[in-house]
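Beneath this line is the structure, given in structure tokens, with notes to follow.
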Amino acid sequence: MPDLSDVTRGRLLYGGDYNPEQWPEEVWPEDVRLMKEAGVNSVTLGVFSWSKLEPRPGERDFGWLDRLMDLMHDSGVGVVLATPTASPPPWMGHLHPDTLPRDAEGRTEWWGGRQHFSHSSAVYRRYAAAITEDLAARYAGHPALTLWHINNEYCTYDFGDEAAARFRSWLRHRYGTLDALNTAWGTAFWSQGYGDWAEVLPPRHAHYLKNPTQVLDFKRFTSDMLLECYTAERDIVRRHTPHLPVTTNFMPLWAGQDAWRWAEEEDVVSVDLYPDPRDPLGAQSGALVQDMTRSQARGPWMLMEQAAGAVNWRRVNRPKPRGLNRLWSLQAVARGADAVCYFQWRQSRQGAEKFHSGMVGHAGEQGRTYQEVKRLGADLARIAPHVSGGRITADVAVLHDWHSWWAGDQEARPSHEVDYPRVLSAWHRALWQAGLTTDFAHPGHDLSGYRLVVVPQLYLLTDAAVDSLLAYVRGGGTLVCGFLTGVADQDDRVRPGGMDARLRELFGIRTLHEWWPLEPGETADCEGGLRGTLWSEELEPDGTADETVPYEGGELDGLPAVLRKGRAWYVSTLPEPEALRALLTRVATGAGVRPALDGLPDGVEAVRRGDLLFLLNHDREPVTVDVPGTHHDLLTEATVTDRITLGRYGAAVLKP
Ligand code: GAL
């Protein structure tokens with residue numbers, strides 16, 4: 001199978017979404033000149049050009065795209081060609097209203113924005129296949145074409161009638177019989193028993209709380225339907241160009257797609273990443289997505305989109321301050337990206353994203369944004385021969401599963417303060433701040449290569465997933481589990497005792513009496529100064545734990561907050577950031593996990609990729625870092641002996 005190395009061929013890709021159909025053709029040569037000066041070697045064409053390619057049903061206008069493909073080839077810029085199927089032309093909704101999705105309230109999502117397609121619509125799928133077929137046939141032999149980009153950020157839901165019919169088929173396939181569905185969904189509760197498949201619906205607007213397993217299955221179904229749309233187009237382009245890889249761009253930690261499953265269907269895994277430049281933990285939220293994407297890719301991956309400056313969709317949109325675009329781009333490379341790309345090349349003057357930055361902003365060539373883009377292009381070209389294709393080894397894996405997220409993130413739960421992505425992020429942050437390189441994994445993956453496995457929260461665990469955790473510990477691994485783990489089975493049925501019995505035994509817990517969720521700002525104090533937030537638990541130990549940290553004071557006084565039995569740890573609260581970092585550092589050290597570099601000052605990130613050591617200063621103040629030995633800094637060409645000073649948002653890429 002072709003992969004990203006077939007596109008990079010020893011380089012790092014640099015470029016972004018290029019939407020020149022917004023501009024008069026006189027601008028195109030100017031674009032090319034600026035691209036060359038900035039070292040751009042890859043652009044993504046055609047993401048939203050369906051109405052231009054197919055102005056009326058069945059008509060084709062490829063002339064403009066032919067000229068662009070040729071222009072890119074003549075300029076030595078590779079093309080990532082997108083299928084335009086994320087934004088159907090207005091004629092489609094007008095002629096075929098059934099292609100438009102409906103939300104849970106029954107409201108139609110009309111054209112005039114984008115992504116107004118029903119994943120379940122046979123008509124939409126037919127038109128999407130036809131334009132994909134013609135695009136692939138036309139450009140299959142074009143020398144500029146390097147990679148296929150299917151659709152864009154698959155993220156839609158549909159609760160309409162055609163989706164309802166497909167949902168029923170999906171459920172028939174999953175359960176076989178209505179009896180099995182009734183059992184899985186627990187429909188004995190509230191008189192929800194189904195007697196005919198025709199009665200089964202998506203979880204539409206209802207008077208009161210919806211059936212949680214119905215909601216969970218609808219999320220599974222939605223991810224699967226979107227995946228069907230993706231694979232249908234992928235198979236078409238593959239037929240024409242079996243030698244070219246295929247991707248579709250994920251949104252970061254997006255709830256709507258089981259990205260573990262999706263990644264299996266991609267040749268290249270790519271993601272769009274927009275941390276808030278004002279967020280003091282923006283670098284860590286970037287690192288989380290980068291680690292996740294690398295783990296899905298099982299190797300180098302593609303940063304398909306980021307912003308060179310401001311976005312336009314937060315309440316207040318600030319640009320990246322001087323140096324930050326370079327730093328965060330190098331961070332992505334440090335964590336395994338072989339492509340650094342943007343939305344979009346030239347900032348729009350019209351349309352909904354005219355206030356979203358581009359690599360060339362409204363200020364043009366002299367603007368700071370483009371000047372920094374140019375500098376970064378030179379940096380990437382300099383380091384590329386040493387970096388491209390390089391691998392990252394992590395001794396720690398953080399487990400994440402979309403099905404568990406979907407099951408846990410529902411109405412009527414013990415605490416709405418518990419937000420899964422925030423819990424996941426809190427644990428990842430502790431590892432990131434401790435300088436520990438971290439992969440993500442699914443509980444079903446082979447975990448045996450990791451010294452430490454961390455489960456921030458897996459509310460839903462299948463029997464197979466429990467088996468896998470137990471086998472991991474039996475095999476010598478160290479496991480740390482956070483609260484609300486192992487509560488439900490695959491149907492979101494609470495396990496007897498409120499937590500899987502085998503897990504309770506693993507940690508030395510006899511009875512989980514009650515959960516005690518905490519209010520915002522409320523803490524649960526524990527012995528030794530550890531303070532828990534968000535959650536606490538009334539646990540009765542079975543006396544087999546080797547070590548416990550008890551709650552101190554309050555209703556849970558003296559009961560264990562943290563238990564360790566052998567190499568298995570259970571943490572029944574969310575320790576404050578410093579305490580969690582200290583705990584994980586201790587556990588990691590015990591498991592033989594070393595940070596990428598010892599003695600790192602706060603705010604400095606160190607990552608090893610291949611034989612290179614990336615150092616990234618996330619602070620505005622200069623900082624000096626001890627790096628024993630002699631190294632060559634690929635960015636400055638300087639020799640570095642024992643220590644290096646990094647300036648504001650400074651970076652170094654050290655080669656031994
Ligand atoms: C992405 C999308 C792009 C653009 C960008 C703006 O989600 O794929 O087309 O809208 O956001 O930040």
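Glycine is treated like the rest: Cβ placed from N, Cα and C.
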Record-annotated substrate site (TrEMBL): member among R114, R278, R346, R349 besides N152, W313: R114
Position of peak Cβ density within 10 Å, selected from the recorded positions N152, E153, W313: N152
Where the C-beta lies under 6 angstroms from ligand 1, the matching recorded positions among R114, N152, E153: N152, E153
Whole-number Å value for how far R114 (substrate binding site) lies from E305 (active site, nucleophile) (Cα to Cα): 17
Integer Cα-Cα distance in angstrom, E153 (active site, proton donor) to W313 (substrate binding site): 16
Other same-chain residues whose Cβ falls within 8 Å of the Cβ centroid of R114, N152, W313, the recorded substrate site, in sequence order: A86, Q115, E153, E353
Per-residue Cβ crowding (10 Å cut-off), top of recorded positions R114, E305: E305
Where E305 (active site, nucleophile) sits in the secondary structure, as DSSP reduces it to three classes: strand
